[in-house]
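Report on one structure; see the data block that follows.
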Amino acid sequence: AESSAMKFQRQHMDPEGSPSNSSNYCNVMMIRRNMTQGRCKPVNTFVHESLADVQAVCFQKNVLCKNGQTNCYQSYSRMRITDCRVTSSSKFPNCSYRMSQAQKSIIVACEGDPYVPVHFDASVEPST
């Protein structure tokens, strides 16, 4: 079975990716990463930084998760991300996404040993 850590990497990591060259990025990636099986995943964020940099966030600023759990961490620095949101006209199995790019601080939930990201919680403006 796929571990939570591996699922996080499949759903959220694309270190080499630079979607700027293609408005089709989300449509291709959501299929390639198996997020359109059974339904169109409504929202997904890809992070274009190294796995080491994203894993390091687990040792950065401890913040509350959206669900109230305490194992979320916010990156000190901005990271390059792409948000993919399903379009309102999208009908499974023809999932269609619109893409927006940003450089924001990311918030991830971490667990396990080694302590690694298992859930992408949010992206926010870095706190000052």
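Cβ coordinates come from backbone N, Cα and C, glycine included.
Residues or ranges marked as region 'Disordered' by Swiss-Prot: 1-21. Under the heading substrate binding site, Swiss-Prot lists LYS7, ARG10, LYS41, PRO42, VAL43, ASN44, THR45, LYS66, ARG85, citing similarity to another entry as support. Marked as active site, proton acceptor by Swiss-Prot: HIS12. Under the heading N-linked glycosylation site, Swiss-Prot lists ASN21, ASN34, citing experimental evidence as support. Sequence annotations record features per position, and here Swiss-Prot assigns disulfide bond to CYS26-CYS84, CYS40-CYS95, CYS58-CYS110, CYS65-CYS72. Annotated active site, proton donor per Swiss-Prot: HIS119, in sequence order.
Annotation: no disulfide-bonded residues among CYS65, CYS95, CYS110 have CA atoms within 10 angstroms of the CA of VAL43 (substrate binding site). Across the structure, ASN34 (N-linked glycosylation site) and LYS41 (substrate binding site) are spaced 10 Å apart at their Cα atoms. Cα proximity to CYS110 (disulfide bond) (within 10 Å) is found for the following recorded positions from LYS7, HIS12, HIS119: HIS119.
Around LYS7 (substrate binding site), a 10 Å sphere centred on its CB holds 15 further CB atoms from the protein chains shown. Annotation note: HIS12 (active site, proton acceptor) sits in a helical segment as assigned by DSSP. Cα of CYS26 (disulfide bond) to Cα of HIS119 (active site, proton donor): a distance of 19 Å.
Its Cβ taken as reference, VAL43 (substrate binding site) is surrounded by 10 other Cβ atoms within 10 Å in the chains shown. Spread of the substrate binding residues is 22 Å (greatest Cα-Cα distance among LYS7, ARG10, LYS41, PRO42, VAL43, ASN44, THR45, LYS66, ARG85).
Listed recorded positions near CYS95 (disulfide bond): LYS41 (candidates LYS7, LYS41, THR45, CYS72, HIS119; Cα-Cα distance within 10 Å). Residue pair CYS84 (disulfide bond) / THR45 (substrate binding site) shows a Cα separation of 6 Å. Set side by side, the disulfide-bonded residues CYS26, CYS65 differ in how many other CB atoms lie within 10 angstroms of their CB, and the most is found at CYS26.
In space, ARG85 is the closest of the recorded positions LYS7, HIS12, ARG85, HIS119 to CYS40 (disulfide bond), judged by Cα positions.
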